[in-house]
Amino acid sequence: MGLTGFFIVAFLVLLFTFAEFIGPYNYMQSHSAYPYVPPMITRVHFDGLQPFVYGLAKKQACVIYGSKCQIQPGVWDYTEDRTKKYSIRLFVRGEPYQLFGFIPTNIHLFGSGEAAGSPGQFFAFGTDGNGHDLLSQILFGGRVTMAIAPMVILISFLLGTSIGGLSGFLSGRADTLIQRAAEIFMSLPRLALLLALAGILTHLGYIPAMVRFWSIVGLLSIVTWAPISRVIRGQFLALRESEYTQAARAVGAGSGRIIFRHIMPNIMSYLVVAATLAVPDMIILESILSFLGYGIQHPLTSWGYLLYNFQGSGFFFQIQFHAWLLIPAIFIVITVLAFNFMGDALRDAVDPYTVSEVKEGLR
């Protein structure tokens, strides 16, 4: 399962890296003529080996209530205009963009190549209420969500390792003081603290997109460093009394050399495994924060923000008529499971007891 998780994560990272190329449209482009288009991937037909779709024909949907059929605002009925065929091709020309931010091109991986407003546009995962292509939004949103997680882990692990390592290495009063501070952080409800801090950020008014992005990274780091510091502190306490550490101290090695030459290499395997297993937690926290309206906001997007927009017309209304807008939640679940599988495999790989059992079984 660990290898499966690794390949899934690698595939997702590849998708998000080339989001502009793979996505048929810019995630901010509004196709106002085609709101709430259902996923068209189920409407793909084949003429031999050539895939195609029929043109979209839109009309206001009539919803049956009891014995009456009433027009429901915000609900559209899309049918196929079988007099018009539009081929779906690879490497089509579409909206211009800059790949990696500096390579200008207008080639997209797939699409119909039709201009905005054409009935031949292809929306693989459908559109939202503003006509935004959901597939493109998921790709760009995944890039933001997956960028936040490693940033938070990097900062929180640096804080936790530095503070916990200092606490365990110094011990005494410094250890007591640092650990009481960590316990105060750990005693606070993490989600409640996160929402309170994010609420303060929201009430400051308009915040530029990148400032908000880094603010979210900072908030998540603040509420996640303490548990890491506790574990690192325990490992430092144990390793500082080990024979090789005492021997290094006896020959005159300084504290810095002991920490970076003898202690840190012995906890790196734990840090790698813990960081991998922490990624799903960060993804879920960011998604919850954005889902509640306190996280990533327009003009950026994330999986949590896409689910926040899903609530726009009421949860049960959207479930009944526009259930495909929950597709970002499927990506969250798949990504979280993939990282958990990969983290479990790494943990087993560096566990000395597991390694010993495997070697014993091979004899």
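Positions of Cβ are set from backbone N, Cα and C atoms, glycine also.
Just so it is clear, the model here is predicted, and its values are computed rather than measured.
What TrEMBL says about this protein:
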- 142-343: domain 'ABC transmembrane type-1' (DOMAIN)
- 147-170: transmembrane segment (TRANSMEM)
- 191-207: transmembrane segment (TRANSMEM)
- 213-232: transmembrane segment (TRANSMEM)
- 267-295: transmembrane segment (TRANSMEM)
- 315-339: transmembrane segment (TRANSMEM)
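Nonlocal intrachain contacts for the transmembrane segment (191-207), taken as residues 6+ away from its ends with a CB within less than 8 angstroms of a stretch CB, comprise 215-216, 219-220, 222-223, 285, 288-289, 292-295. Distant neighbours of the transmembrane segment (213-232): 144, 148, 151-152, 155-157, 159-161, 163-165, 167-168, 178-179, 182-183, 185-186, 188, 190, 193-194, 197-198, 201, 207, 267, 270, 274, 278, 281-282, 285-286, 289, 295-296, 300; these residues of the same chain sit at least 6 beyond its ends, with a Cβ under 8 Å from one of its Cβ atoms.
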